[in-house]
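Q: Sharing a structure, written as structure tokens. Questions coming.
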């Protein structure tokens with residue numbers, strides 16, 4: 001068999017894949033700008049010196065009645081307005097992740113950014129009709145922002161060579177940190193010179209323009225892009241083709257096996273009265289959180305060969321499935337009446353944590369050139385250990401009083 005020559009690495013500059021990363025960076029800047037700007041414009045939107053009577057009473061300065069309308073909103077209403085966008089973001093996470101594997105990423109990211117921008121443009125008009133309409137606009141805006149933030153990360157499955165995945169992802173996600181900086185720099189100036197509605201018009205218009213640019217320039221697959229060079233296309237496709245599909249699937253295969261093993265062992269311990277239910281939950285949570293932390297440390301210090309690295313990597317990923325017999329099913333023990341709601345709520349928290357972890361990882365990788373992965377792994381280990389200690393102290397396995405069925409007795 002002839003030995004294949006590895007593809008020549010294409011320079012980063014003037015490449016399509018880095019152009020896509022730049023587009024996503026700008027997308028994240030716009031998304032964060034649209035999300036955060038109301039925190040600053042609220043100062044100009046609300047007349048804090050007037051008593052809070054009618055919730056949407058508009059008081060306007062004689063010389064500033066067009067560019068800076070002022071509303072008599074209570075502090076409670078202001079808080080709801082500022083936080084309402086996050087409800088939309090959280091609600092959209094799971095559906096967006098599911099739909100990203102079915103529908104076109106080009107249309108999903110572009111349409112989500114466009115619709116988020118359109119609802120940003122509508123906020124000044126919505127404010128004239130009442131605070132309820134502003135809250136609705138913000139929730140819908142959050143829905144589309146959540147879709148844009150979740151689906152954009154799937155882009156790198158086909159566009160990022162394995163050795164550049166972290167670099168490209170961190171570059172695009174850095175826009176989430178740059179966005180608030182942009183808002184803080186220019187929002188005050190726009191409010192003073194043009195009026196606070198122009199803040200929403202400017203960021204909304206920029207988002208609309210960028211979404212159209214995305215729809216024109218982005219293609220789902222490097223093979224279909226009309227402007228990509230032959231060398232870059234071959235570099236990306238060859239690098240992705242050289243990933244060992246078997247090795248990539250092994251962590252998931254073993255995670256599935258360990259999950260089945262954990263469920264069977266937990267039921268055996270319970271049915272034979274070997275351990276109490278609370279002890280079983282704590283035991284499997286201990287295994288599911290401590291073993292990944294242990295094997296992650298082994299991955300850092302004991303994996304001197306390729307096979308050692310693969311073994312520890314598989315075990316670090318797969319042993320987390322022991323939590324299936326512990327904390328992941330514990331909600332059913334303490335509150336079966338509210339299991340669906342609590343499970344959905346905890347899933348959203350977990351997804352939010354994943355988003356934060358990706359952002360923090362990108363920041364560490366971009367700022368630390370010496371030993372970034374050491375810090376990332378230690379943070380993961382610390383998180384597992386702290387979570388485990390908290391669970392071992394406070395865990396319960398009996399139905400709580402607030403979750404018990406109430407029976408009304410009639411005489």
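Each Cβ is built from the backbone N, Cα and C atoms, and glycine gets one as well.
Here the structure is a predicted model, which means the values were calculated and not measured.
Below, the features straight out of TrEMBL:
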- 20-46: transmembrane segment (TRANSMEM)
- 20-411: domain 'Major facilitator superfamily (MFS) profile' (DOMAIN)
- 77-96: transmembrane segment (TRANSMEM)
- 108-127: transmembrane segment (TRANSMEM)
- 171-191: transmembrane segment (TRANSMEM)
- 198-219: transmembrane segment (TRANSMEM)
- 253-271: transmembrane segment (TRANSMEM)
- 283-304: transmembrane segment (TRANSMEM)
- 310-332: transmembrane segment (TRANSMEM)
- 344-364: transmembrane segment (TRANSMEM)
- 376-394: transmembrane segment (TRANSMEM)
Q: Between the transmembrane segment (310-332) and the stretches 171-191, 198-219, 253-271, 376-394, work out which stretch tops the count of Cβ pairs under 8 Å.
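A: The stretch with the most close Cβ contacts to the transmembrane segment (310-332) is 253-271.
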Q: Six or more residues out from either end of the transmembrane segment (198-219), which same-chain residues have a Cβ under 8 Å from its Cβ atoms?
A: 19-20, 23, 26-27, 30-31, 33-34, 37, 40-41, 67, 105-107, 109-111, 113-114, 116-118, 120-121, 123-124, 155, 187, 190-191, 225-226
Q: Cβ pairs under 8 Å with the transmembrane segment (283-304): which stretch of 77-96, 171-191, 253-271 has the most?
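A: Comparing 77-96, 171-191, 253-271: 253-271 has the most Cβ pairs near the transmembrane segment (283-304).
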Q: Residues sitting near the transmembrane segment (20-46): Cβ under 8 Å, six or more positions beyond its termini, same chain?
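A: Residues 68-73, 78, 81-82, 85, 109, 113, 116-117, 120, 123, 127, 138, 141-142, 145, 148-149, 152, 155, 159, 168, 171-176, 178-180, 182-184, 187-188, 191, 195-196, 199-200, 203-204, 206-207, 210, 213-214, 217-218.
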Q: If we skip the immediate neighbours and take only residues 6+ beyond the ends of the transmembrane segment (253-271), which ones have a Cβ under 8 Å from one of its Cβ atoms?
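A: Those are 277, 280, 284, 287-288, 314-315, 317-326, 329, in sequence order.
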